[in-house]
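Only one structure is covered here, and it is reproduced in the block below.
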Amino acid sequence: MKNSLKFKDLGADFFAHIQTQRLENPSLIHVNQNLKQELNLSITDQEFLEICSGDKQLGQERPISTVYAGHQFGYFVPQLGDGRSCLIGELEGNELSLKGAGTSPFSRGADGRAVLRSSIREYLCSIAMQGLNIPTTKALAIVTSSSEVYREHVESAAIVTRVAESHIRFGHFEYFSSLGQNENVKKLANFVIKYYMPDVKQGDYLGMLREVIQSTAIMIARWQAQGFSHGVMNTDNMSILGLTIDYGPFSFMEAYDPGFICNHSDTQGRYSFERQPSVALWNLHRLADTLKTLIEEEQLKEALSMYEKILVKEYSLLMRNKFGFAVQDESDNAIINNFLELLYTNKKDYHQSIRLLSNDDQSSLGKAFDPWFKDYRKRLKIETEDPSQRRALMNKVNPKYILRNYLAEVAIRSAEDQNEYAEIDSLFKLLRAPFAEYEGYESYDSETPEWAQNLELSCSS
Ligand code: AMP
Ligand code: MG
């Protein structure tokens with residue numbers, strides 16, 4: 001099998017070879033078949049299982065774990081690295097990474113494992129983000145096992161196979177910069193430009209930074225428009241390609257609340273929903289700090305000043321699409337903001353409520369929304385598209401199905417308690433194309449039921 005990891009070209013300072021550690025009785029519980037096909041992985045099911053559980057190498061490739069640093073909750077940690085993940089090879093220009101296949105020199109005393117619960121969440125969210133057109137690492141397969149791991153309780157160990165063009169993070173740059181190894185910073189920048197930024201000329205480090213700023217701003221704009229909270233926006237969880245990476249205590253917002261904090265461990269709300277845009281900018285500043293020997297200070301500043309404009313432009317475009325505004329009008333922002341304000345004061349579900357707009361259904365939102373609907377209908381009169389066309393376009397950006405925590409929890413419980421995986425399959429199907437409506441799945445857009453009101457998510461995974 002032809003297969004070689006470009007990352008290894010960077011040299012021994014950047015990674016360590018590792019040996020994956022086997023799980024007891026591994027079995028596949030779900031496979032992203034389309035992705036498997038895209039990767040041209042024509043091997044037997046048995047071989048596929050062995051590769052995804054770390055029992056067999058991909059071709060001749062020896063797995064590696066990479067070293068990086070990062071600002072965690074604002075504080076610099078000089079060495080983190082792939083403590084429980086490793087790159088196992090490359091197919092069709094995509095790196096394959098196992099998360100949970102055992103320890104590496106960067107495990108810092110932890111067990112190198114991932115629990116089934118968080119692996120299912122990562123697997124489902126990866127497909128949900130793709131469905132919503134939000135850049136993300138992908139997930140190829142999920143393996144469970146009878147190996148036990150210890151978190152707050154004993155849990156099953158699992159492995160998710162992640163797929164991305166590159167898993168390089170801001171933290172990779174920070175690691176070498178903090179050691180004063182500026183030659184390695186330069187080497188890494190050259191590598192990123194050469195392989196991942198076809199539009200940037202070799203040696204154009206400013207061009208590279210601009211690309212990172214651009215793709216990060218677009219990613220964050222889409223998070224904000226689709227109500228996604230990442231939960232742990234440390235610089236080691238920021239992809240150099242602007243992909244959503246490292247799914248932990250993430251949540252999609254339900255009742256609209258800008259101050260929403262999805263991570264129970266984030267007591268200060270550093271990573272609350274409304275702070276995500278400014279945190280990403282802060283993170284970009286930390287990346288820019290590492291490039292000071294390659295880019296003039298003034299140019300760094302100028303590049304960083306582009307961020308807000310790109311983000312606002314993308315966010316406005318998405319929000320205008322969500323409300324069905326194709327024609328520009330100066331009242332648009334006010335109408336959108338007034339609606340969000342009403343959602344907040346009336347504790348209404350973000351996704352369901354906006355989806356209702358396409359059906360012009362104001363009855364289920366209640367009396368408080370009547371004056372707003374009057375303004376909205378008046379505003380829509382200047383639109384030139386016919387209403388049915390407009391609704392169809394709105395329904396392409398307003399999802400019917402969202403990965404609500406309780407839905408993931410139902411799938412997790414049946415997997416953990418009954419070794420039943422049908423629920424994962426159902427969610428996978430709905431979330432990969434969440435704008436369509438599926439017969440027989442009417443209840444999957446329902447709000448959180450009573451029993452799941454107090455589900456808590458933390459960094460434990
Ligand atoms: P995360 O919050 O999952 O992004 O992880 C932060 C850092 O801790 C990364 O360097 C991870 O590789 C490492 N880490 C998290 N959980 C484990 C674990 N169970 N074993 C080894 N390293 C871990
Ligand atoms: Mg991480």
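The backbone N, Cα and C atoms fix where each Cβ goes, and this holds for glycine too.
So that you can see what the record holds, here are the features copied from TrEMBL:
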type     : residues                                                           : note
ACT_SITE : Asp236                                                             : active site, proton acceptor
BINDING  : Gly81, Gly83, Arg84, Lys99, Asp111, Gly112, Arg162, Arg169, Asp246 : ATP binding site
BINDING  : Asn237, Asp246                                                     : Mg(2+) binding site
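Structure with TrEMBL features highlighted.
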residue	record	CB count, 10 Å
Gly81	ATP binding site	22
Arg84	ATP binding site	21
Asp111	ATP binding site	16
Arg162	ATP binding site	26
Asp236	active site, proton acceptor	23
Asn237	Mg(2+) binding site	21
Asp246	ATP binding site	23
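Residues from the binding-site residues list (Arg84, Asp111, Arg162, Asn237, Asp246) with a C-beta closer than 6 Å to any atom of ligand 1: Arg84, Asp111, Asn237, Asp246.
Among the recorded positions Arg162, Asp236, Asn237, the residues whose Cβ sits under 6 Å from any atom of ligand 2 are Asp236, Asn237. Here the candidates are the binding-site residues Gly81, Arg84, Asp111, Arg162, Asp246. The one whose C-alpha lies nearest to that of Asn237 (Mg(2+) binding site) is Asp246. Among Gly81, Gly83, Arg84, Lys99, Asp111, Gly112, Arg162, Arg169, Asp246, the residues given in the record as binding ATP, the maximal Cα to Cα distance rounds to 22 Å.
Note: the Cα of Asp236 (active site, proton acceptor) and the Cα of Gly81 (ATP binding site) are spaced 8 Å from each other. DSSP classifies Arg162 (ATP binding site) as strand under the three-state reduction.
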